[in-house]
Amino acid sequence: MVNVSVLGAAGGIGQPLSLLLKTNEQVGVLKLYDIVNVPGVAADLSHVNTNSTVYSYLGSEKLGEALEGADIVIIPAGVPRKPGMTRDDLFKINAGIVRDLAVGIAKTCPKAFVLVISNPVNSTVPIVCEILKKYGVFDPKRVFGVTTLDVVRASRFIRDVIPDVDSFATSVPVIGGHSGNTIVPLLSAVQPKVQLTETQIEEITHRIQFGGDEVVKAKDGAGSATLSMAYAASRFANSLIKAFSGALVIEPTYISLDADPKNASIVRNLGAGDLQYFAVPVRLGTNGVEEIVPLPPVSKFEAKAIEVAVGALSENIVAGTKFVQ
Ligand SMILES: NC(=O)C1=CN([C@@H]2O[C@H](COP(=O)(O)OP(=O)(O)OC[C@H]3O[C@@H](n4cnc5c(N)ncnc54)[C@H](O)[C@@H]3O)[C@@H](O)[C@H]2O)C=CC1
Ligand SMILES: O=C([O-])CC(=O)C(=O)O
């Protein structure tokens, strides 16, 4: 049985994510933490007749209790975008929120697997890693930026163009980061293979990179993706939980490349250069990242996209790292 703590559980992502986690029978304890409204969310969820027990923790003085015994900590705490904002505009508020939560993790459950959803993921993951380093408890195999929504969108958007594709069974490696042109879908490596024209490749790539903006615009001031994000985060958490019991599971995720220095060199040779963090497909296991899955050679179009991504990503990583150091 796995103990999961959700930090920011009363929010737009936190609520449906907690519901989806409540339906996973491998979850024994589900701890919900927020600074508002969380007792009601927990009371509501606790009536769902799966075997896990739900607990609620309201306010920062309860953070330690919320993290006690956690195997997996999922962080959707923080503010979402409004139209006209970039994810980087969220740094001002979310960097401090994520830093304080990471301190709690370092002190209370340093061995937990940490799944970071709060934006800007390109910077919040370095923040979590730097805090864990400060406390001497950093394990690069255990901290994940959740980029699953990019992968979910990629397989769905391909079906919008080629209707006989089974979206659920289609896997698209998406590498780089999680914002605009730092998101690099490798459409040349879609499995099962699909035939796309150059124009389709350009259009689908752009849509995956800016899919978040579609939702922000449609919600018109009421936030960003929450339901598809909850689905994506629960898919990642479920994959990790499956991997604990020996299943072969591969998911792309934004990690410190120190998690697998040997295979990191393959990613570096693809164009990631000396970046410390990059989204890559990883094989998950009992230790978290078991290995970075080697990627096939990329197309010219993808190589150019990686080049563009690296510049922006590098700035985001420096911002996150400097914030803590
Ligand atoms: N990684 C990804 O692919 C995606 C990331 N996001 C990001 O997820 C974050 C959350 O989005 P939503 O759930 O829509 O926002 P929301 O505003 O609906 O919910 C955020 C929750 O965090 C809570 N919170 C704020 N400060 C906190 C603290 N110090 N400790 C604990 N909880 C705290 C709030 O009370 C609220 O309940 C945003 O930063 C958003 O940009 C959103 C979609 C996709
Ligand atoms: O667009 C946003 O701000 C939220 C997000 O990360 C996404 O939907 O991919």
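Glycine residues also receive a Cβ, built from the backbone N, Cα and C atoms like all the rest.
All annotation found in TrEMBL is predicted automatically rather than curated by experts.
TrEMBL lists Gly8, Ala9, Ala10, Gly11, Gly12, Ile13, Gly14, Asn94, Ile117, Ser118, Asn119, Met229 as binding NAD(+), and of Asp34, Asp88, Asp213, Asp220 the one it places in that same site is Asp34.
For Gly8 (NAD(+) binding site), the nearest of the recorded positions Arg81, Arg87, Asn119, Arg153, His178 in terms of C-alpha separation is Asn119.
Each residue in the domain 'Lactate/malate dehydrogenase N-terminal' (3-145) gets a DSSP state, and the totals come to 61 helix, 30 strand, 52 coil.
Non-local neighbourhood of Ala10 (NAD(+) binding site): Leu32, Asp34, Val36, Asn37, Val38, Gly40, Val41, each in the same chain, at least six residues away, with C-beta under 8 Å from its C-beta. Proximity to ligand 2 (Cβ under 6 Å from any of its atoms) holds for these binding-site residues out of Gly8, Ala10, Arg81, Ser118, Arg153: Arg81.
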